[in-house]
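Lifted from TrEMBL, the feature list:
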{"type": "BINDING", "residues": "G15, P16, S17, G18, S19, G20, K21, S22, S23", "note": "ATP binding site"}
{"type": "COMPBIAS", "residues": "177-193", "note": "compositional bias 'Basic and acidic residues'"}
{"type": "DOMAIN", "residues": "11-219", "note": "domain 'Cytidylate kinase'"}
{"type": "REGION", "residues": "1-22", "note": "region 'Disordered'"}
{"type": "REGION", "residues": "158-196", "note": "region 'Disordered'"}
Amino acid sequence: MPTTTQFDGVIAIDGPSGSGKSSVSRRLATELGAACLDTGAMYRAVTLAVMRSGVSLSDTATIMKVIEGTRFEFGTNPADRYTRIDDVLVDADIRGPEVTGQVSAVSAVPEVRKYLITAQREIIAAAEHGIVVEGRDIGEVVAPDADLKIYLTADPAERARRRSSQDGSDLAATAADIKRRDTADAKTTRPHDAAPGAVVVDTTHLDLDQVLTALHELIAHGGTA
Ligand SMILES: Nc1ncnc2c1ncn2[C@@H]1O[C@H](COP(=O)(O)OP(=O)(O)OP(=O)(O)O)[C@@H](O)[C@H]1O
Ligand SMILES: Nc1ccn([C@H]2C[C@H](O)[C@@H](COP(=O)(O)O)O2)c(=O)n1
C-alpha cells in the first residue's frame, strides 16, 4: 500500500484520454485527505447542457447564454464525486457516447474555456486541505503555479485495453475513439505534451498501486524524481 503523505497544496494531473487521471486523482486525494476536481466532468457537463438545448455549436453567444443560465455543481470530495445540472445528477449521462462524441468540439470554444477556467480557479482557491486537479491544461493554464505537476501517460494500446476492460466496449472501436479524441483535443490543449515543470509518469507497465507509490514519493521529495 502507498504511504500517506501530508500535503495541502495543489497537484495538477494532466494527460491524454484513458491514461488513468481520474482513478489516480481520486485515490491520491483520498490518501492525502485532499479534495479532487475532475475538469473533464466540467467540460462534459456544459456539453450535455448545450446538447440538450439544441443550440448550434457555431452560435457562441447563445451557447454562453445556455451555460450561464444553467446551475452546475461539481462535488470535490473524492469519496463522493458528483456532477449536477440544475440539481439533477448527470454522472452517467456525461460519460455516455453522445457527450463523448461532442465534448472536444464544445471544449474548443474559447468562451466556454474562459468560463470554465474561471470556475476551476475559484474551486481551487476555495479548497482548504489541498486539491488534486485533473485535466488537459491544468499545469500549463489553470494552475501553472501548482505545487506538483504530473503528466500521466501510457501507450495508446494500453489505454484502450484498460478502457475496454472497464466498460466492456470493443477493443478496436475503443482504440479508434481514444485516437480520435486525442487528435481533436490536441487542437485545443496539449494532451501529448507535459506542461513546463511537470514530471512525466508513464504508467504503461505500472499498476495503480505502483503509480500511487511513485506519486507519494514525488510529493515526499518535493516533486523531483
Ligand atoms: N496504472 C493502471 N493500471 C491498470 N489500469 C489502470 C491504471 N490506471 C488506470 N487504469 C484503469 O484504466 C481505465 C481508465 O482510467 P481513468 O478513467 O482513470 O482514465 P482518465 O485518464 O481519467 O480517462 P479520461 O480522460 O478518458 O476520463 C480505468 O478502468 C482505470 O481503472
Ligand atoms: N482541462 C480539460 C479537461 C477536459 N477537456 C476536454 C477534452 C476531453 O476530451 C473532454 C473530456 O475530458 P475527460 O473526461 O475525458 O477527461 O474535455 C479539456 O479540454 N480541458
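From the backbone N, Cα and C atoms, a Cβ is placed for every residue, glycine too.
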Taking DSSP states H, G and I as helix and E and B as strand, how many residues of the region 'Disordered' (158-196) are helix, strand and coil?
25 helix, 0 strand, 14 coil
Extra residues within 8 Å (Cβ to Cβ centroid of G15, P16, S17, G18, S19, G20, K21, S22, S23), ATP:
V24, E134, L152, A154, R159
CB < 6 Å to ligand 2, subset of binding-site residues G15, S17, S19, S23, seq order -> S17
Excluding near sequence neighbours, so keeping only residues 6 or more apart in the same chain, what lies with its CB under 8 A of S17 (ATP binding site)?
R159, I178, R181, D182, D185, P191
Among all protein chains shown, how many Cβ atoms are found within 10 Å of the Cβ of S23 (ATP binding site), not counting that one?
17
If you count the other CB atoms within 10 A of the CB of S19 (ATP binding site), including all protein chains displayed, you should get 29
In sequence order, what residues of the same chain, 6+ apart, have a Cβ less than 8 Å from the Cβ of G15 (ATP binding site)?
K21, R136, I150, Y151, L152, T153, P191
DSSP three-state assignment for K21 (ATP binding site)
helix
